[in-house]
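Worksheet for the structure shown next.
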Amino acid sequence: MHDPDELPSLRATLRLQGNKFLENNEWFDVRFYPYTQPGEDPVFVAVGGRFAVVCRCIQDASSSIEILREFSDDMTHHSNEWEGSYNSVEWSQARNGDPLLCISGESSRINVLNVTTGKLVTTLIGHGFSVNDLAVSPVDPTILASCSMDHAVRIWSLDPAHAKQPTAAICYGQGHQEQVLTLAYHRTGKYLLSAGIDTRVNLWMIPDDLKSHLGTDKPAIIHYPHFATTEVHNDIIDCVRWYNDYILSQAREERTIQLWKIDNFNSNRPPPNPAPPPLPTTVDSHSKVTVPTSSISGTRSAWGGRFQRLLQFEVPNLETFFVRFSLFHELGAHPVLAAGNERSKVFFWDLQRLEGLGIGEDESENTNSTTAANATTKKSELPRHVRDASTASVASGHSSTSASKTNARLAKSVKKGPTYKYGIGSPYQFLPAHKSIELPNYNSLYRHFAWSRDGQWCVGVGSHGVITIMQRWKDGVPPLEKEAGT
């Protein structure tokens, strides 16, 4: 029987064979091909080190994936010198329908590869240092955003007609003061989030006249973000994602994923104009004074107000840098958040279950005292202006694979999480996962997760060459749920 509440279970753990570098490779990113037609087996790519491996998930008793193609660093450029480790990948699509891979890493270049032909299509050059993340527009697969160690966010055109001048826009100037680590497009394609080492989250508005800059030598220059804050997190931010008009973000060593919103932000309304510039810092004094080096700290917003913290999802035993979570969010299905830690453990939260609970206290007589204590400690450590959230808010494949057969051990490796209902009235309550999976016989770090478009498959990648295949609904994807009144 189909159960839309079902969360993934462990299908297999894999380590690709072929050479010693591949077997122990650290995978940094994984993405499913987003243009798969219904009924087709989903395809994903994992990147890390000097490798990119394209695989297909299959329903087979003896295997979980089929390797379709491998790329290595010496195939992606004309130099004989290795350009460094890959850390990010995104999918696009050529005019003829061929799947394209955009890959970046320690090099300042972005390589675009054709998966069908196995050839390098083009190389995007413009960043001054390493490229840390990529994001393709959800409304136009030819528009690619990138962020870099050079503090800039760039928007590119992948259209061959613009090959000579591919840079469409640059978000720079009064944006980030340190390297940018993470990007996320809003589902409308109008807004782009960026965050990084300076603990700042910026929201950039994509110019309405972006297309007029395509293929020209005059890219749009975006000096100011429409929203900027350094108050949500106190440490390096390595992952941001949209959840409708809400924002999910995490920072190193905070051991939580934050859910929050920008006051008055509504993507269904026309965006405000213009972006707010930072207030200048001026000093009129005859005595020696100390002036802060940053004049754009705090929060500023074109929508007025500030932000409101909503929920915190607990991710224990995570202190490592450059780790990402993943959100499955498709029409007619429960949205599910997936995250991992450095002890081979995966956590899942069904966000629709939380919406159903509403505001309330824990109904269990056995309250998780450790979690409650941590939440109390966390709240006391936050500065008051962050605790209050916002003064404007009411509240404020050729390789062989080796698979670990885990059928006999799944019962020990899977924990379904809390059986009680926990209230979501406090933004400082650390919410434990609805379900967790711990890999047997491994002690590895998870770097990223990816979901197939139908939500049936979830793949996690990380250290020691381990690729984790998780699956739900083995009898097929359940029909889409309809909202009340439809």
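Glycine is no exception: its Cβ is also placed from the backbone N, Cα and C atoms.
The compositional bias 'Pro residues' feature in TrEMBL is assigned to 269-280. Marked as compositional bias 'Polar residues' by TrEMBL: 282-295. According to TrEMBL, the compositional bias 'Low complexity' annotation covers 366-377, 389-406. Here TrEMBL flags 378-388 as compositional bias 'Basic and acidic residues'. The region 'Disordered' annotation in TrEMBL covers 267-295, 360-409. Feature annotation from TrEMBL assigns repeat 'WD' to 124-159, 173-204.
For the repeat 'WD' (124-159), DSSP puts the residue distribution at 0 helix, 18 strand, 18 coil. With a threshold of 8 Å between CB atoms, the same-chain residues lying at least 6 positions outside the compositional bias 'Pro residues' (269-280) that come near it are 174, 190-191, 205, 222-226, 295-296, 300-303. With DSSP states grouped into helix (H, G, I), strand (E, B) and coil, the repeat 'WD' (173-204) comes out at 0 helix, 16 strand, 16 coil.
Under DSSP, residues within the compositional bias 'Pro residues' (269-280) fall into helix, strand and coil as 0 helix, 0 strand, 12 coil.
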